[in-house]
Amino acid sequence: MWLYFLKRMALAIAIIAIAVALMFLMIRAVPGDPAAILLGPRSTPEMRALLHEQMGLDKPLVVQIITFFGGLLHGNLGFDVFSQRPVADIVLEQLPFTIELILVSILWAVVVAVPLGCYSAVRRNSFVDQVAGVLAVATIAIPSFVMAVYALLIFAVTLRWLPAIGAGNGFWDGLIHLILPGFAIGVGWVGYISRLVRASMLEILGENHIRMARSFGISEWRIVARYALPLAILPTVTILGVGIAWLLSSAVFIEVVFARPGIGALIVNAVNTRNYPIVMGVVLVTTLLIVTATTLSDLINAFLDPRTREKL
Amino acid sequence: MNNIVGSVSRRTLLKTGAALGGGIIAAGMPLSQTIWAAEGKVLKARAFRELLTLDPGFYGGVADVDVMNCIYSKLTHFKPGTEWGWDLEAAEKIEPVDPTHIRFRLKKGIKFTGGYGELTAKDVKFSFERIIKHKSPVATEWGPLDHVELEDDYTGVIVFKTPFAPAWLISLPYGVGHIVSEDAVMKATGDGSSFGVKPPAFSGPYVIAEWKANEHLLLTRNPDWSGPKPGFDEIRILPIGDEKAAERAYQAGDIDFTRISLDSLASLKTNPPADTTVEEHASLSYTWLGMNLDHPKLKDINVRKAVQWAINVPQILDAAYAGQATVATGLIAPGLVGHRDKALVPPEGDLAKAKEFLEKAGVSDLTLTLDCLNDSTKSTIAQVIQAQLSQIGITVDVKVQDSGSFWTIGSEADGDRWKDMQLIIIEYTMLPDPYYATSSFVSEQVGVWNWQRFSSKHFDELNEKALALDDPSERAKLYREMQDLMEESGAYRFLTHGGTPVMYRTTQIQAATRPDGVPLYLEFKPV
């Protein structure tokens, strides 16, 4: 297990380094001058030259990339040119909002979808199973931002039950502000996870050790909860790890629709204005987030199923 | 370690995971201790983007200045209403001495917070001169400012190298006119350069109680403020970038004042939310179709005239602005000195006349490129122009560009792309003085921001002359003539100033805006 862990960590570091380096090169390959965008149409060539100097853009590309990675080793992601604030501070103060949105979305999806998937598998082809199947496909097909707009119009604008924008203040207010955006992102996952759990549960329920348990007279729900579910949940754990990237892209739209703070809203603005230090900061953090999630899901899988440890 | 791993069962791991997930969510919550004041009058408004900086000497845009108006003093401020004008603010008196000198006398008793003492002429001098000294991106708004002379603690003279009439509506009542404390800024920065988003001292009726990036900005009354008290105890400004999201937030009651999109204007006018006033304001910005005078395909003025006359502006506005924007007659928006009542080419154009010009040029099978930004409005304008020019046999190849690429097309300092540029759709922002627009089209701006490469000695002379005139009607004549010259060159087809409609809840506030719809929060009154 330890060897597997070390290999997996080395791979994660390599992935982060490659992703960040690629992004660094890609944003500089785009034609146009970031200083012209940041300073606007009224800027003079002298002002743009000064900004180039401040952002280090006047130096050769190799020097820029070495400076960036050198700073990274010291935890320095640079400074935002306008606000004069450290990029790390700007990114880290937005990160919790995105993480809480993703976690709430996925948590409520798992809480609803796993029992639903189990029920559908146990009561295969029942009315509930069929309705759940239809709803699952429907919710997967509807993009989260469409769901967000309609949820907002119904529950915030028309009924005024829930707040329309922002992240709230304090724990409970924050939680209330998470209901609509969390619902919008999570609803597609309910359908997806419930179908996934149902399919793998059906497979597990047909295996020999389950038949053996039944022959011992163990109740069906105990078999499902104790013997089948821990195995049937494995594909879901894997999917959730990979799904972080998908959730992050959903969060970008949702943060715009609900005017929520978060790294999605931050990167949209930073990319539009070619604010290189912020773009790099966000890319680094999102890459870390995705690599951490996939690594964690691999480690959990390896823990739950020792056979996977040999596959790296 | 193996023992620890070995003692954790799969079931324990799953349980721990669930508990950790819940814990992380709770820990990640914005556990702000801020309690929104339950009492007092509160103004809830929307900013269309997040703050870039709170340093007036280096401000990034109107969203920054809206806040600066509340937290700093300046010599004069804009009057609310439908006509452009200014009133005294920190100045007790301000008057021109001659075309290059403006004398001001400060009111006594305006205090900086943080124990930085009274606002004096020394702070005015520091605030204005640092903008030039540190080559601020907004230094052009002080034009030919040379220095500020001090006469006593409260009196000073602003000295320009050459006459600068726009100082009254561009420099003094807007962004670069705000006054900061010399002692506080020097202490915070060491050299007087930008202090970013952390003001070292306030001098306006409000102070920043809390700022959470991308969440909200909370302004509360400045306890040291001795001037007239504005109507609200608190101002909460929420950054909402998306216009539609802002409209939904308004409808849900989260904000009481917002700018609205032109797409929504018609429906909100006919069916406004309860207790709401919708106001239409023309924006100051100007959008036009430009032609590169130095490109071989556009050298012949008859080709350029053909393009001008083939374009039907109302058709473009119907498609790109939902029919809610008005036709521009030139660079200068209605209400500003130098606005023209009508353009030389009528808004609808004339296809027959356009074809005549093209025949006169002896051109057939003409293909032109048209560069535009990649936003939906500019792309739609480009598509309509493409269709309109096809009616006179000109094929248009639309090149939609990302902003980084777009804003350097015509710049000689950024390569040779200006040589290939043919047609282009451009929008420039504007401040409330015609100088701000015309100064981009003088000869020395060719290849900088004058991408049409329009060069007229007479235009340049008129631009210089207008800077020295105080009489608005005399200035207006010159600026109208300058726009005529631009249009006669065939290099410009003016399209629109767009619009900045706003809506507000009449049961909560009585709003006050500049003629272009920009809010003046200090003038807002509670209902």
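Glycine is no exception: its Cβ is also placed from the backbone N, Cα and C atoms.
For the ranges A:63-90, A:231-258, the feature annotated in TrEMBL as transmembrane segment maps to A:231-258. Transmembrane segment is the annotation TrEMBL gives to one range among A:14-33, A:174-193, and that range is A:174-193. Within the same chain, residues 176, 179-181, 183-185, 187-188, 190-192, 194-195, 250, 253-254, 257-258 sit at least 6 positions outside the transmembrane segment (A:134-162) and bring their C-beta atoms closer than 8 Å to a C-beta of that stretch. Listed as Cβ neighbours of the transmembrane segment (A:231-258) (distance under 8 Å, sequence separation of 6 or more from its ends, same chain) are residues 97-98, 101-102, 105-106, 110, 114, 117-118, 121, 143-145, 148-149, 152, 164-166, 180-181, 184-185, 189, 192-193, 196-197, 200-201, 203-204, 264-265, 267-268, 286, 289-290, 293-298, 300-301, 304-305.
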